[in-house]
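What follows is a set of notes on a single structure, which appears directly below.
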Amino acid sequence: MGLLERLADVQRRIRLAAERVNRNPEEIKLIPVSKYHSIEKIQTLLKAGIYDFGESRVQELREKQSQLPKDVNWHLIGHLQRNKVKYVVRMPNCKLIHSVDNLRLVQEIQRRCELEDTTMDILVQVNVANDDAKFGILSGEALEFVKKVAEFDRVKVKGLMTIVPEVDDPEEVRPYFRRLKELSEEIRKAAIPGVEMAELSMGMTNDFEVAIEEGATMVRIGSAIFGPRK
Ligand SMILES: *Cc1c(COP(=O)(O)O)cnc(C)c1O
């Protein structure tokens with residue numbers, strides 16, 4: 001299959017997964033993850049009407065965004081170091097940081113936003129699987145963390161994100177997706193001023209259909225669209 005055929009296949013699978021649980025497929029944003037893949041491939045997807053892309057590393061994101069139209073919506077999905085925050089905040093079309101998981105990072109986002117007189121939308125990354133190898137706030141600490149983030153007026157919480165362990169059978173990670181959804185409901189009920197729980201960024205190539213069945217509003221899909229990474 002070529003790139004556009006793989007895209008169409010993923011879009012079809014998203015639609016079917018949504019329909020299985022009576023969700024409107026329009027509620028689910030596909031974010032192709034273009035890390036390690038070429039500008040040319042991204043341009044092909046742009047022509048097919050895809051305008052959201054995920055990147056893991058700030059350096060690669062900067063290089064790509066400088067060569068592509070300004071109406072692309074970039075999503076930073078990888079771990080963010082404080083010394084890179086300035087580049088992200090200065091990039092007007094970096095729409096969302098999916099991977100915020102510590103207060104020192106939040107402080108730096110706030111500080112850089114003040115300098116640039118702007119705001120930044122973020123998701124809180126939660127380590128629902130309690131996986132030592134993964135970044136993220138533990139589930140039990142997520143509500144308190146979100147309350148603290150809400151004190152920073154330029155950092156806008158839009159929802160939660162998680163990365164679950166890679167397993168052979170995606171059914172194994174269904175409970176983690178369900179837990180993230182429950183957590184977002186708990187946080188929504190707390191009605192923290194300035195905090196929205198609109199987005200649940202969960203599901204990758206291996207498990208996006210299960211994630212959609214459990215309530216994902218954003219799926220981050222790399223290899224199923226772009227093929228294997230080098
Ligand atoms: C690389 C990456 C993805 C995409 O992974 P695939 O398995 O290729 O779909 C999604 N989310 C994050 C955070 C990633 O780093």
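In case you wondered, yes, glycine gets a Cβ from its N, Cα and C as well.
All annotation found in TrEMBL is predicted automatically rather than curated by experts.
Taken verbatim from TrEMBL:
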type	residues	note
DOMAIN	7-228	domain 'Alanine racemase N-terminal'
MOD_RES	Lys35	N6-(pyridoxal phosphate)lysine
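DSSP gives Lys35 (N6-(pyridoxal phosphate)lysine) a coil state; it is part of no helix or strand. When other Cβ atoms within 10 Å of the Cβ of Lys35 (N6-(pyridoxal phosphate)lysine) are tallied across all protein chains shown, the result is 17.
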